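S.K.: What TrEMBL lists as active site, proton donor is 174. Summarising the annotation, TrEMBL assigns domain 'Glycosyl hydrolases family 39 N-terminal catalytic' to 24-508. As annotated by TrEMBL, domain 'Alpha-L-iduronidase C-terminal' applies to 556-652. Here TrEMBL flags 1-19 as signal peptide.
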């Protein structure tokens, strides 16, 4: 029996367990291999009509959303996969028979991604001013190739090759769904694929292109699906003739499929294994291609109103899916699936009355009851989860279970764990040795009420000359930060929270901090507070840091977005900061002086690089006068040592 068949069989007989005491054994010396953060991606789709996508993609609401996505620390999300990008391009006329393209809207969106430290998952999808009608027409096929070359060359010139060559260019999303906004035949789709590939190659041979971005089928490559777009494309890239070169075969740099969970984490794995087993058997030359599940969501349908998407259930399930993929696929040397990317397609904008309960990272409140309507956001627990995951290191450490350190923790139960270490490369900065232990308890999309005590045998051997260690614990659970619970239970799901209510909701954002304690340096065991409990649903991260010689580096990239009168979104970058051992950022404010003194105005600690400043009226001061002035931001490390303030910047609405 081959490996994929064994995985399928094992996953089909998953053990269903009630949570009980969780016994883990881990040693920082037991490093098993590299650990890639393969989940740092999200995505969204603008609504119909697609030719008006710019109104959504460049709206103030979306620009705020992108700022939050980019504010997940340490590039915890770096890719935003966006549908219908090429509908942001229009045709303004013709010159010598060739279209003259207007890239204004696409330029603006890609610049926003760049400013926020993000990159596009570039779906080659859309039809500028609907000028393309037939991809079996030779003139149009060549015109498409030239258009794609122009697109890629433009952004290489604008942003540089080093950035653009990291983009995942991908063919039209879910071709089996036939959501083309035009008629594309099977042969026309193959021609489109070849033209896209050749256009990108002509711009630069380092650009990445893959597909099929397959969805709308559950039985990929079965006989009764013969002739569908995914199947036709796989056959074409292996056995077909390249429209331009006349040679057999066309490149496919990665295989992308959309395999979702229908409410259960195991279903994501089952669908992926079944699909890759079928592909590898029918097209062996594709078996080792990098595999992307770039819509791997626990449930299909982003706009479905599901209460579990609002709270820690979603966050814990997301961690569970990532941990299962790491242990079963990525870290398993016997696994033939070259797993490279898992993306949750949750970059959408929620809408009334489902502010919290749709598949989004943030809850959007559209405040239409004010003289000047505005939009503001609350971070959901899934957003805090992504922040927490960013604290993991780059080397995976073995996690044993029970009294047997040789027995790995199981991946087929409700509880699980990952452990990592980070080894600094420069001991003169704020970087330092770190170890992280991630633990989850998830009954998938069910709420669960069970709990267990954590029995942790944690041995560490930090490098010499480590003199101080600090342990900080983070948690996403129903008993920690729960803005949805406050909004529903305390505020009766009010459509329009008051400024004071928003202030309290923001105390519930992000991740909860549940431990802060020094740890004895040198080889030995880490002792947690007694009776440490893991509640279902929950994801916890224990982050242990050696004290670095230097304080955090200077914050950079300070900028602002106006929310409404008397409210401003302050955004900054951690790109210059070498350490992940950041206790919080402090947003300092001085009304009149760029040199300070600065008073802290963010009342809630944050490891995300964003903060809403919305002071309540005081001492006769109100409106924009409350927020107009100079701002500067600095990082505070786990030892409460401040780094230097950023360059101050003046904000005036």
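Heads up, the Cβ atoms here are built off N, Cα and C, so glycines get one too.
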S.K.: Would you mind listing, in sequence order, the residues at least six apart from residue 174 (active site, proton donor) in the same chain with a Cβ closer than 8 Å to its Cβ?
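M.R.: The answer is 213, 214, 215, 216, 258.
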S.K.: The domain 'Glycosyl hydrolases family 39 N-terminal catalytic' (24-508): mean pLDDT?
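M.R.: Computed over the domain 'Glycosyl hydrolases family 39 N-terminal catalytic' (24-508), the mean pLDDT is 94 on the 0 to 100 scale.
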S.K.: Using DSSP, how many residues in the domain 'Alpha-L-iduronidase C-terminal' (556-652) fall into helix, strand and coil?
M.R.: 4 helix, 46 strand, 47 coil
